[in-house]
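Taken from TrEMBL as is:
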| type | residues | note |
| --- | --- | --- |
| BINDING | 34, 35, 36, 37, 38, 114, 137, 185, 303, 334 | NAD(+) binding site |
| ACT_SITE | 116 | active site, N6-AMP-lysine intermediate |
| BINDING | 428, 431, 446, 451 | Zn(2+) binding site |
| DOMAIN | 609-688 | domain 'BRCT' |
Ligand SMILES: NC(=O)c1ccc[n+]([C@@H]2O[C@H](COP(=O)([O-])OP(=O)(O)OC[C@H]3O[C@@H](n4cnc5c(N)ncnc54)[C@H](O)[C@@H]3O)[C@@H](O)[C@H]2O)c1
Ligand SMILES: [Zn+2]
């Protein structure tokens, strides 16, 4: 590889990794699996080692993935939180041991082997035994304060249990350290993950791909009431800063014992062993039992047991400030995800409601992670080309806790000459309209508004639980009505008559009457359901609710200007423009008019406390108020007609600030947003 080639590849890998980091750490919606991500990162690290002259500058290999997001107070860690070096390879694990043997000068090393919990890292601060604060890893130095959310976790003691044996123990003067940072992982069980995703689906919100992402998305919710409805769990395993230094724990294994004695939730099992062979044996034991654990484990964390030895080898650092990146005394051995090899019988194309054409691999059925897999996503045309996937190829299919299996790579050794390169169609597979490339994206779209497949999906979406929730109008019935030519558009639904339906089913009178009545009954559905049902790009159920609250009728929404739309809290330019664009199209406006003529008269949301002092106002809470809890303050704001938001922007009307208000208060001041204390707030809403 020439230097120029290396440079090009390095740049490409850096850009790709930055994008994946953003999606993983901030949005909790990764595009690719961890194994693929780790492979990209490894490729980059190797190129940077081979071409040191190209290694300078900002690079993802020299920083900790950053999860900090808008709307949270940032808190510095007393001791930095790091990432872990990882490997999928036994030889590399043995090399890790060899480095330590050399550094410490002994080959009889004690290790702990712990499950690597696939959750979200968090640091808890206990002061004199009391839980004071919970902070995310952030960029390693400084994270987001998620105390309110973490306190909703059942099973996490807010006070440490007094150490029973301490009474007789000569050394123990104070029962608890003045300040201790305890590190752990927040996670969701599979069953809870499935439950929440079902609710998301019914509400028409995007689904989370796996429990880790959902846990990450949940811990970053600004509304701790919502967090409390999801059963997050936590497990603790690590020591951060501690003051004063404790005599009791001088090793990872004794610290584990201390955590247990304090009544904190700990890993179900860990191994304390000597030598790398015993480590390897423990990893095998862990692999055999990990599927029975409450949390998903994606590997084993091997740590040098003795804290003194840990201090000798220290950390891998980066940059001039020598930021801690990862400990040299630990290594994560990751289990490769479940994969299987099978053959692609065909590549089919799905046309979605928006017209996006998604390629799907039709597979020779194969058993994978306990289920039979027959189809796997191929993502998009670019991905097919990049992997050079062809019909008839043997491929590796992966399912890493993710719902949709994906094709990872072609087994080139097994390719036969009959397999010809796949040509992505240039026309819609359903209506043959030439496809167009999605603006700024990778998808190919069918632009035909009358595309039968788009129409079918649109009608299904309109009738679905997430939108109008029309009784008896599921996918099969929509299909039937379309194929019999009884409907062509959404408004046609409201024009159906019992006698039109009678010929469709033998003695179908009851069915026909129920269906017609079911549709009629939804003429007055909630406005947000209708807005959601229209299928405006970018507008999910939550945005539909915001629009319904703000505009209160379809006519008002249809004529809303971009200015008004961007004013809505949480609406970016992208969403506002999508709404504008949708109503700007003649066919869409005509459809809305037709719906109204057909009797659709949606119900606007109930008026917030008429005449409430905060109607139409957005308030941000920060810090601790003298008498009101966060929940009480929120309730008062809402009863006065206001809305609570998590982050301060130009659209914020007031900031209600208590003690220890942090960055939000500063931001309010810099933007000139009025700041209220509790007394002023109570006066404003007329309670004092
Ligand atoms: N799919 C994607 O697009 C994407 C993007 C970014 C990162 N990732 C994944 O995330 C990884 C990087 O994330 P990371 O920096 O959090 O590293 P990591 O998850 O690989 O390992 C470090 C983390 O492990 C956790 N951990 C769990 N159990 C532990 C234990 N017993 N002891 C110590 N730590 C324990 C800690 O929170 C620690 O921060 C990547 O290797 C990749 O797998 C994926
Ligand atoms: Zn089409």
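One-based numbering along the chain as shown.
For all residues, glycine too, the Cβ spot is worked out from N, Cα and C.
The two recorded residues, the residue listed as 'active site, N6-AMP-lysine intermediate' and residue 38 (NAD(+) binding site), have Cα atoms 16 Å apart. Following the DSSP three-state reduction, the secondary structure of residue 303 (NAD(+) binding site) is strand. Among the binding-site residues 36, 303, 428, 431, 446, 451, the residues whose Cβ lies under 6 Å from any atom of ligand 2 are, in sequence order, 428, 431, 446, 451. With a cut-off of 6 Å between Cβ and the nearest atom of ligand 1, the binding-site residues 36, 303, 428, 431, 446, 451 reduce to an empty set. The sparsest Cβ neighbourhood within 10 Å, among the listed binding-site residues (34, 36, 38), is found at 38.
Same-chain residues with CB within 8 A of the center of the 428, 431, 446, 451 CB atoms, the Zn(2+) site residues themselves not counted, are 351, 355, 427, 429, 430, 432, 433, 447, 448, 452, 453, 454. Across the domain 'BRCT' (609-688), the prediction's mean pLDDT works out to 85. Our reading of the NAD(+) binding annotation (34, 35, 36, 37, 38, 114, 137, 185, 303, 334) yields a largest Cα to Cα distance of 25 angstrom. The CA atom of residue 428 (Zn(2+) binding site) is located 31 Å away from the CA atom of residue 36 (NAD(+) binding site).
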